[in-house]
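One structure below.
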Amino acid sequence: MSSFVKDFSKAMSQAGTSQFQEVIRQELEYSMKVELDKILATAPSNELEHTKKDLEGFKKLFHRFLQEKGPSVDWGKIQRPPEDSIQPYEKIKARGLPDNIASVLNKLVVVKLNGGLGTSMGCKGPKSLIGVRNENTFLDLTVQQIEHLNKSYNTDVPLVLMNSFNTDDDTKKILQKYSHSRVKIYTFNQSRYPRINKETLLPIAKGVSCSGENTECWYPPGHGDIYASFYNSGLLDNLIGEGKEYIFVSNIDNLGATVDLYILNHLMNPPNGKRCEFVMEVTNKTRADVKGGTLTQYENKLRLVEIAQVPKAHVDEFKSVSKFKIFNTNNLWIALSAIKRLQEKNAIDMEIIVNPKTLDGGLNIIQLETAVGAAIKSFENSLGINVPRSRFLPVKTTSDLLLVMSNLYSLNAGSLTMSEKREFPTVPLVKLGSSFTKVQDYLRRFESIPDMLELDHLTVSGDVTFGKNVSLKGTVIIIANHGDRIDIPAGALLENKIVSGNLRILDH
């Protein structure tokens, strides 16, 4: 931390120096304004309006960042949500479906968060274009799901992709292949904000350009930006004009996030006659989900609390599976009219996530971001629905990819469902080592995906390859030490086995 920022923090914490704090805040805001004006002056005329909107949004976020002190939640105020504020999915499903489900579906828009790159899995370009099953990408599966809905019910559910400046061009090129599918596809771009130097709290960008060496100067500010950018794009108004009432928002890499007719019916035809403006799907925590955001009652409102907001002394309590039993899947159902109303009043309140990063050259920067689910407290009559774990099937790593490519799941009309041949519905725990991190390395190490129907736990570390038609059952641990290599032969059955050392199958 720079001495300037240390002094600033120290000053902020001393009582009776509010005047001094205010002077420093104003100076920082003024310096930021000067730098942003310089950046805006470099914008070509066709990008001027758009850039102005982005920088205005960033200025508001920066202003709030300077106002906030310490963790954004007071731990003493956190309470368990009231019983009826998180409904079990079984109760929602038990209501059944009305005869006119098509007219309900015609009020829906599916929105996928498509701003992420596949870099963490060693891929260039948008993550949504990585192949996940039978050559199908995340985007292919999404389009197939919605097309199946539209054909089955003779409806017109559109797909909206929220792209970032990182993914927009590549996504638009690929969309041409769906021109004959029965899904209208729209896109809009989330904002583009300048990264700021951690020491000076000023932008590292000198101009508006985002190409070449300037790509590192800009970032998409998290999925909480959906409200402003959706509204600013004009698409929100167009969809309301077409009679659409709700959006179903989810991450494009969550293969469990399909349109659920029971939840949609609950929204459109609420049992008490009062519609929810915001529904968050939550699911039960396992030991693997201890860092996931959780729903709490806070100042008489449902509120999403993320681990970053928790005071250090309470982090272990937050991670407790017994105290906080559920976490947010980021599958959200939101009323379009409510987004419009709140956006026009500038009344959507989301906590700021400060995301520190170190750039390739060693420069420490921070990104100011927000999360879409954090807005739940700004909406009226919000609700959590505790859904089955099957609605949360994210693919963040090649370990996740192995699960969804395997015979644990069957694919039907773009949707993955757990195979009926698996005797218990839990997903095996899979940990693939660093040799498998990149998708191309991972694919090279499996001649075919093993049979995993009876697998509980798989750990693989080091230089390991799998031949064709391997079966894995129970707990399997395969560890090739440094310099060793293990080739699992074709047709091998490993059941409750630990394999270590050096096992090389030579070609004859």
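Keep in mind that glycine also has a Cβ here, set from the backbone N, Cα and C atoms.
According to TrEMBL, the protein carries these features:
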{"type": "BINDING", "residues": "K127, Q190, G222, D253, K396", "note": "UTP binding site"}
{"type": "BINDING", "residues": "H223", "note": "substrate binding site"}
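Structure with TrEMBL features highlighted.
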residue : record           : contacts (Cβ under 8 Å, 6+ apart)
K127    : UTP binding site : G116, L117, G118, M121, F138, T167, I252, D253
Q190    : UTP binding site : G115, M162, N163, S164, P220, P221, H223, D225, I226, S229
G222    : UTP binding site : I353, N355, E369, T370, A371, V372
K396    : UTP binding site : S120, D253
> When a 10 Å sphere is centred on the Cβ of the residue listed as 'substrate binding site', how many other Cβ atoms does it contain?
Replying inline: 23
>> So if I draw a 10 Å sphere around the Cβ of D253 (UTP binding site), how many other Cβ atoms end up inside it?
In response: 22
> How far apart, in Å, are the two Cα atoms that lie farthest from each other among K127, Q190, G222, D253, K396, the residues recorded as binding UTP?
Replying inline: 21
